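J.: As annotated by Swiss-Prot, active site, nucleophile applies to Cys154. According to Swiss-Prot, the feature active site, proton acceptor maps to His643. The feature Zn(2+) 1 binding site is assigned by Swiss-Prot to Cys8, His10, Cys83, Cys86. Under the heading Zn(2+) 2 binding site, Swiss-Prot lists Cys30, Cys33, Cys53, His60, citing sequence analysis as support. Taken from Swiss-Prot, the feature compositional bias 'Basic and acidic residues' applies to 259-279, 316-332. Look at Swiss-Prot and you will find 145-685 tagged as domain 'USP'. Positions annotated as domain 'DUSP 1' by Swiss-Prot: 687-780. Residues or ranges marked as domain 'DUSP 2' in Swiss-Prot: 789-892. Among the features that Swiss-Prot reports, phosphoserine is placed at Ser112, Ser132, Ser134, Ser305, Ser368, Ser408, Ser413.
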Amino acid sequence: MGDSRDLCPHLDSIGEVTKEDLLLKSKGTCQSCGVTGPNLWACLQVACPYVGCGESFADHSTIHAQAKKHNLTVNLTTFRLWCYACEKEVFLEQRLAAPLLGSSSKFSEQDSPPPSHPLKAVPIAVADEGESESEDDDLKPRGLTGMKNLGNSCYMNAALQALSNCPPLTQFFLECGGLVRTDKKPALCKSYQKLVSEVWHKKRPSYVVPTSLSHGIKLVNPMFRGYAQQDTQEFLRCLMDQLHEELKEPVVATVALTEARDSDSSDTDEKREGDRSPSEDEFLSCDSSSDRGEGDGQGRGGGSSQAETELLIPDEAGRAISEKERMKDRKFSWGQQRTNSEQVDEDADVDTAMAALDDQPAEAQPPSPRSSSPCRTPEPDNDAHLRSSSRPCSPVHHHEGHAKLSSSPPRASPVRMAPSYVLKKAQVLSAGSRRRKEQRYRSVISDIFDGSILSLVQCLTCDRVSTTVETFQDLSLPIPGKEDLAKLHSAIYQNVPAKPGACGDSYAAQGWLAFIVEYIRRFVVSCTPSWFWGPVVTLEDCLAAFFAADELKGDNMYSCERCKKLRNGVKYCKVLRLPEILCIHLKRFRHEVMYSFKINSHVSFPLEGLDLRPFLAKECTSQITTYDLLSVICHHGTAGSGHYIAYCQNVINGQWYEFDDQYVTEVHETVVQNAEGYVLFYRKSSEEAMRERQQVVSLAAMREPSLLRFYVSREWLNKFNTFAEPGPITNQTFLCSHGGIPPHKYHYIDDLVVILPQNVWEHLYNRFGGGPAVNHLYVCSICQVEIEALAKRRRIEIDTFIKLNKAFQAEESPGVIYCISMQWFREWEAFVKGKDNEPPGPIDNSRIAQVKGSGHVQLKQGADYGQISEETWTYLNSLYGGGPEIAIRQSVAQPLGPENLHGEQKIEAETRAV
């Protein structure tokens, strides 16, 4: 990497080229075919003014270089240099670094040889968000692309437009396209990536047809098949769940990885060790127990002042282009589960007085098994407050008895607990999870949208307090009525918890007479100005209603584990971890047994400065608590029919636009404020994050020559460019637990990393912590050995099973038949066939066995089991252990008399201790 042999000897042939010259040429055309940009290439040979097209067209730039023997050329969009003679990307800094490298032979010898393919310093630009796009005035603004209605698909179009205008997600799909890899069908992430690229392309069409994504979502969830109108919130949940499933990656054990890197690192500065933030495996969160299972990066490259720098870090205003033509690489070939996890809760048995409880934040109880909300009682509608358990999140970890929370600024201290109670680890893992290694997953979806809620419930009889941490991806908020508002405001003014049932009782089951009265009242209300009926409902009121304390009494009493009976209780909930983008769903639709209706009440929501500080738990470590509105989805019509549109703020020019299927119209912000919001997307706002990016831009512009360059995760750099709180540097996305590159990632490692100069790396490392520091990439030999050993193990196990099962099938009358649980067998089969990386736990026949009155175990009637031979059972049991052993033994009894000449076949189930 730093070897002088890697230096391009042709850099001296570059003539004097100014930034203004390059910008002027970028507005021109190919001198051979007349095609316009982007991605024109300018020859850098002295006194050569040629500008040619790239591989996207006829590639006249290459033809010119080969004919004229002009070796160096620069991309007029990305300002990256390519040498045809060396067949690699080159950097102007190498001319400055050459004397230093030449005088440091010791360093050159120690440096590792370059990899088999050139690794690129990726141009990701960070510029001032306030800069105008004057250099691209001749181009239409990006992201203003409509979507054709495919037949009652406005619910999908509005949701996609709202997501498309979430910069962290869009920037990921535009700038980190190499990370969008999946072997899972229907590869919805690929369809979404293609759609985002079309919507945000500089030469965008007036509208696109999202056929591929529509077809994919119908394969995932049959509910969306046909042409019936659907709920946009259900579509959002289903889409994001599937994107997470396809993009999820196992979380590497950070502690082991840090130790592995530290053992090889030349920098052991104790100060840096103290500055490191808690790693990602210290997040405190768990799965939601929701029963609802399914539910900008826009590129601008030309105008950066760092046109000749090795590192251009893109900004959230979208001035960096997506890397479709990153370099002219003729040498390199591109060849080569958050599963349905068990619930993991944080429960605590705590004796505390009500007086002490009053001093604590209001936190709530875990939901009942059929509840879709951590803080509300079940309601007969189609809404869910928390995400489905099909999307696990960052798991619960404990170190020395203290639960730690990750924070964005570097900090390593354990979380500050509330004085009246202490969280303790609950033993609620299922039998399978105890026996099988727990695997944790994360994805860009969970990084952006996942938050967590701390729920607390107290028994009013014994004062037992239990806590649960649950992950949410959206908050479904009730819309309080006039009476509810009075109760909420009264509780606020008196500084006491709101009266329980503030928003639940008003929507209780209604009789026919009550229904008619309610229907007439709602019709009259909809025709009467809101000022006539009372105060306007605000989004803060909806949040207060959601987080208000609830009494558990009557039919909703709390089942106390200490009292062993139903008791009256109180439940609270607070936000434990704020998401980068907060999705809020207003519960406008009510679906009762005999009818449905829509709540048309106007809910006032802020465009800027939504503050969630009043709803945070004391343990919350999020430093930024204010949010600005990104987009809002609106529904016009009734509960039975209607139309969806979206209002979104364009990240480039800050203007608001209405997206109505294929029509996009600029609107004033007052139109947005008066809209009847249904789903709202808010983004964390931080001036400090913008200043931090500007500081990194300044450091990159200094172009200080250095002996070392560092590799950083491209995905984390995208977080730095678009997140208000990016968190610690997470190089674990391209490293294994041993500190090397996993063999299966090495062939596309340049898609996973970005090269940073030393001064930029040191600034980011000192500011955010994390890591580990990486300035040498190598394939992990330990992982390679493990992969080979795993493949050998799989081959031996499956070959042995096939051999034993073939012999078993050849037996006409086996003396004994062993039973094995098909659930366990399917897990083992997935492992040996390579569909699952984790081997199954011990054999678990408990699902197919039942105990007789005498204590013996027999096969359960109707059980899901398979029949195997004694030899096969012995072989599998020797590898995995477990049980119980269930054998159906066949024996022929002695004849009882002449009338029974053929004997009697007796079949009994036997159980042996394992």
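Glycine residues also receive a Cβ, built from the backbone N, Cα and C atoms like all the rest.
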J.: Looking only at the domain 'DUSP 2' (789-892), what are its DSSP counts of helix, strand and coil residues?
T.: 44 helix, 28 strand, 32 coil
J.: Could you tell me which of these recorded positions, His10, His60, His643, has the greatest number of Cβ atoms within 10 Å of its own Cβ?
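T.: Answer returned by the neighbour count: His60.
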J.: Quick check for the class: what is the C-alpha distance, in angstrom and rounded, between the residue listed as 'active site, proton acceptor' and the residue listed as 'active site, nucleophile'?
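T.: A Cα-Cα distance of 7 Å.
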J.: Provide, as an integer number of angstrom, the distance between the C-alpha atoms of Cys8 (Zn(2+) 1 binding site) and His60 (Zn(2+) 2 binding site).
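T.: Rounded to a whole number, the Cα-Cα distance is 23 Å.
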J.: Identify all same-chain residues not among Cys8, His10, Cys83, Cys86 whose C-beta atom falls within 8 angstroms of the centroid of the Zn(2+) 1 site's C-beta atoms; report them in sequence order.
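T.: Counting only non-site residues, the set is Pro9, Leu11, Asn71, Leu72, Tyr84, Ala85, Lys88, Val90.
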J.: What does DSSP assign Cys8 (Zn(2+) 1 binding site), in three states?
T.: coil
J.: Can you tell me which of the recorded positions His10, Cys83, Cys154 is spatially closest to Cys30 (Zn(2+) 2 binding site)? Compare CA atoms only.
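T.: Checking each of His10, Cys83, Cys154 against Cys30 (Zn(2+) 2 binding site), the shortest Cα distance is to Cys83.
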J.: Looking only at the domain 'DUSP 1' (687-780), how are its residues distributed among DSSP helix, strand and coil?
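T.: Per DSSP, the residues of the domain 'DUSP 1' (687-780) fall into 48 helix, 16 strand, 30 coil.
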J.: Would you list the other residues of this chain near Zn(2+) 2 - those whose C-beta lies within 8 angstroms of the C-beta centroid of Cys30, Cys33, Cys53, His60 - in sequence order?
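T.: Checked against the 8 Å cutoff, the neighbours are Thr29, Gln31, Ser32, Gly34, Val35, Leu40, Gly52, Phe57, Ala58, Asp59, Ser61.
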J.: Which whole number is the mean pLDDT over the domain 'DUSP 2' (789-892)?
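T.: Over the domain 'DUSP 2' (789-892), the predicted model scores a mean pLDDT of 89.
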J.: List the same-chain residues at least 6 positions away in sequence whose Cβ sits under 8 Å from the Cβ of Cys154 (active site, nucleophile), in sequence order, or say none.
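T.: Within the chain, Cys154 (active site, nucleophile) has Cβ neighbours under 8 Å at Gln229, His643, Tyr644, Ile645, Asp661.
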J.: If I take the Cα of Cys33 (Zn(2+) 2 binding site) as reference, which of the binding-site residues His10, Cys83, Cys86 has the closest Cα?
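T.: For Cys33 (Zn(2+) 2 binding site), the spatially nearest of the binding-site residues is Cys83.
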J.: By CA distance, which of the binding-site residues (His10, Cys83, Cys86) lies nearest to Cys53 (Zn(2+) 2 binding site)?
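T.: Among His10, Cys83, Cys86, Cys83.
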J.: Let me know how many other Cβ atoms fall within 10 Å of the Cβ of Cys33 (Zn(2+) 2 binding site).
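T.: Other Cβ atoms within 10 Å of Cys33 (Zn(2+) 2 binding site): 11.
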J.: Which one, from the binding-site residues Cys8, Cys53, Cys86, has the smallest tally of other C-beta atoms lying within 10 Å of its C-beta?
T.: Cys86
J.: Restricting to the chain of Cys83 (Zn(2+) 1 binding site) and a gap of 6 or more, list residues whose Cβ falls under 8 Å of its Cβ, or answer none.
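T.: Correct list: Cys8, His10, Asn71, Leu72, Glu89, Val90.
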J.: Whole-number Å only: compute the distance from the Cα of Cys86 (Zn(2+) 1 binding site) to the Cα of His60 (Zn(2+) 2 binding site).
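T.: Between the Cα atoms of Cys86 (Zn(2+) 1 binding site) and His60 (Zn(2+) 2 binding site), the distance comes to 19 Å.
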